[in-house]
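Below is one structure; the comments refer to it alone.
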Amino acid sequence: MDNHSSVPWASAASVTCLSLDAKCHSSSSKSAASSISASPETQTMRHIAHTQRCLSRLTSLVALLLIVLPMMFSPAHSCGPGRGLGRHRARNLYPLVLKQTIPNLSEYTNSASGPLEGVIRRDSPKFKDLVPNYNRDILFRDEEGTGADRLMSKRCKEKLNVLAYSVMNEWPGIRLLVTESWDEDYHHGQESLHYEGRAVTIATSDRDQSKYGMLARLAVEAGFDWVSYVSRRHIYCSVKSDSSISSHVHGCFTPESTALLESGVRKPLGELSIGDRVLSMTANGQAVYSEVILFMDRNLEQMQNFVQLHTDGGAVLTVTPAHLVSVWQPESQKLTFVFADRIEEKNQVLVRDVETGELRPQRVVKVGSVRSKGVVAPLTREGTIVVNSVAASCYAVINSQSLAHWGLAPMRLLSTLEAWLPAKEQLHSSPKVVSSAQQQNGIHWYANALYKVKDYVLPQSWRHD
């Protein structure tokens, strides 16, 4: 059987490609006919314009296909961090221990749930921002009888609903129990996110305390910004404010962070240019030099919250919370990619060995946070980059290195096709041409398009929310 006959979009793509080729050929023929009497300079400029038009059409077609294709896959064929497309493999989840918090930071830091914004009362203007949660898979104790325990911020509701589903999967017949959410009676001291609807205390419906360590872990996986196994009687979870600027939208490094060029020179990311070959990493963890093909985000003035990862070898990586960082799993001898704000102390990251030049695991000994000026997100052809000697992905927000790399395929194709353009040298020789790095200020249009479409084609569990 012909493969195209069973895949409708493949036939459509073939027809579109043929149509595109015909248009380019027709355009080329007309251009050739009209240029018989034209000067050599005019013919050269027409050839350049014609080649760029065909290239633009082809790139648009490939980009459209790669955006549409994910919609045709069932979410059941999901992929975990760094495992590529295919069958989902369950990963081991370890329960939290009593008094453990994730992240291991103060609840009110920017890398956790963020600062307090003020008590919300029933007569407060912000009270209308609280939303009721009527999820039938969640039990609400509601001791006050006012329905206050059902009120919470939008983000808290989203995470709680995800957790409720996880609880039913983990323990069939057991439901999530919420013992406290928004509090209007000041039962939690002077400072508490309960007063803002950004915190919940939870347990399981059977009150089995042996489950609470795993319940806390499930809360972390559900996306709560700060989780504490605070007591043997319950778990405490909180989230960032709905009104806060989302620090996880972008995946970037600081401009002062450095990359190693193929020449052996270290260069600040803020000074990198398209075409620079920097130290990167292959899919199997080998060091390799790869070309910078674009900047997914570049803004030297923007203030941003960053996570800082300190290793026992002295390396320090400063990166935004939603950025993927390579993590070595010694038990399974596998390399995975994990969101920076979910890396914990004792996790192992890959760091360049000064003597051998190879990437070796080093243990994370400290996880901190910092607010700094400027963001830079270079994209290499390999999809990875070694920054401050620590191996990291070029991608963020989506918890799969392979899926994100696949999504940027049109940009790699465009870069390759541009290198084949016969007029490339002539165009670049013009004194008016400025490097893309100098021109760009903000998010690259293609990266921005992918970010917007992800909410429609990817399940929430695949995203950093």
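Cβ coordinates come from backbone N, Cα and C, glycine included.
From a predicted model like this one, the values you see are computed outputs, not experimental measurements.
Neighbour list (Glu144 (Ca(2+) 1 binding site), Cβ cut-off 8 Å, at least 6 residues apart, same chain): Asp185. Residues or ranges marked as Ca(2+) 1 binding site by Swiss-Prot: Glu143, Glu144, Asp149, Thr179, Glu180.
Counting every protein chain shown, the number of other Cβ atoms lying within 10 Å of the Cβ of Glu180 (Ca(2+) 1 binding site) is 22. Swiss-Prot lists Glu144, Glu180, Asp183, Asp185 with the feature Ca(2+) 2 binding site.
Residues or ranges marked as N-palmitoyl cysteine by Swiss-Prot: Cys79.
Sequence-distant contacts of Gly251 (cholesterol glycine ester), defined by Cβ-Cβ distance under 8 angstroms and a gap of at least six in the same chain, are Met296, Asp297, Val319, Thr320, Ala322, His323, Leu324, Ala377, Ser393, Cys394, Tyr395, Ala396, Val397. According to DSSP, Gly251 (cholesterol glycine ester) sits in a coil region rather than a helix or strand. Residues or ranges marked as cholesterol glycine ester by Swiss-Prot: Gly251.
Annotation note: Asp297 (site 'Involved in cholesterol transfer') sits in a strand segment as assigned by DSSP. Annotation source Swiss-Prot lists site 'Involved in cholesterol transfer' at Asp297, citing similarity to another entry.
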- [ ] Compute the centroid of the Cβ atoms of Glu143, Glu144, Asp149, Thr179, Glu180, then list the same-chain residues not in that set whose Cβ lies within 8 Å of it, in sequence order, for the Ca(2+) 1 site.
- [x] Phe140, Arg141, Asp142, Ala148, Val178, Ser181, Asp183
- [ ] Select one residue from Glu143, Asp149, Asp185, Asp297: among these recorded positions, choose the one with the most other Cβ atoms within 10 Å of its Cβ.
- [x] Asp297
- [ ] Around the recorded Ca(2+) 2 site, report the further residues of that chain (criterion: Cβ within 8 Å of the mean position of the Cβ atoms of Glu144, Glu180, Asp183, Asp185; site residues excluded), sequence-ordered.
- [x] Glu143, Ala148, Asp149, Trp182, Glu184, His187, His194
- [ ] Report, as a single number, how many Cβ atoms besides its own are within 10 Å of the Cβ of Asp183 (Ca(2+) 2 binding site).
- [x] 22
TODO: Would you identify the secondary structure of Thr179 (Ca(2+) 1 binding site) according to DSSP, in three states?
DONE: strand
